[in-house]
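Presented below is the structure to which this report refers.
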Amino acid sequence: MKKLVLLRHGQSIWNQENRFTGWHDVDLTEKGREEAQAAGQLMKRHGLRFDYAYTSVLKRAIRTLWIGLDELDQMWIPVTKAWQLNERHYGALTGLNKAETAEEYGAEQVHIWRRSYDTPPPPLDETSPYHPRHDPRYASLKPEQLPATESLALTLERVLPYWNERIVPTLRDCDNVLIAAHGNSIRALIKHLDGLDDEAIMKVEIATGDPLVYELDDALAVVDKHYLRERD
């Protein structure tokens, strides 16, 4: 039986400040580091060992992975960092306080931007320092690959091809794979793995620092799914 473990990064600085983060690269808070450490210890208690790991190119996910692998004494395993596993891009909302945004645009409109499957927030202006075109980590990408905003549907459009082209072959070759990523990139994977419809996936909440374990057969069909903390 193969295992795929999905781990949402620990609390970030902008999570703590209640700001829309998206592709902006903020680090973990002390609480976030403790959540990552606890996740690693939890995986260790349950005897999980990994052959390969994936993460995004954002430090809150990368550091969560590092801390988790350190607890497992597995920092030596191969790791691929991929922009396709980044958080959903929140467009012009990036950096804004969520409560203040609701006051400005109305709570209902902000709820639609946050929780509808296919309605993205207003796009980020290319002159904004938050636009990925100014970030050297995306220098090799074509302009049309760089989002100025995303819905969950658009996030899925970049996550799913990466899943099929890179992660699936790794799972066929390896027994256990760990993905440390973000709430919405993980939500995109869950939608695919669980076969959820557009409405159902928007109700799924992803806990920070709690490993979600999928047990897969050799055809990569889901046999079992559980949060590790439920079995602790």
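For all residues, glycine too, the Cβ spot is worked out from N, Cα and C.
Here Swiss-Prot flags 8-15, 21-22, Arg60, 87-90, Lys98, 114-115, 183-184 as substrate binding site, drawing on sequence analysis. Taken from Swiss-Prot, the feature active site, proton donor/acceptor applies to Glu87. Residues or ranges marked as region 'Disordered' by Swiss-Prot: 116-137. Look at Swiss-Prot and you will find His182 tagged as site 'Transition state stabilizer', backed by sequence analysis.
All features noted in Swiss-Prot, drawn onto the structure.
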| residue | record | Cβ contacts under 8 Å, 6 or more apart |
| --- | --- | --- |
| Arg8 | substrate binding site | Ala180, Ala181, His182, Gly183, Ile186, Ile206, Ala207, Thr208, Gly209, Asp210 |
| Gln11 | substrate binding site | Leu28, Thr29, Lys31, Gly32, Glu35, Thr208, Gly209 |
| Trp14 | substrate binding site | Phe20, Thr21, His24, Val26, Gly95 |
| Gly22 | substrate binding site | Glu87, Arg88, His89, Tyr90, Gly91, Leu93, Thr94, Tyr130, Glu150 |
| Lys98 | substrate binding site | Asn18, Arg19, Phe20, Val110 |
DSSP residue counts for the region 'Disordered' (116-137), split into helix, strand and coil: 5 helix, 0 strand, 17 coil
Least buried by Cβ count (within 10 Å) of the recorded positions His182, Gly183: Gly183
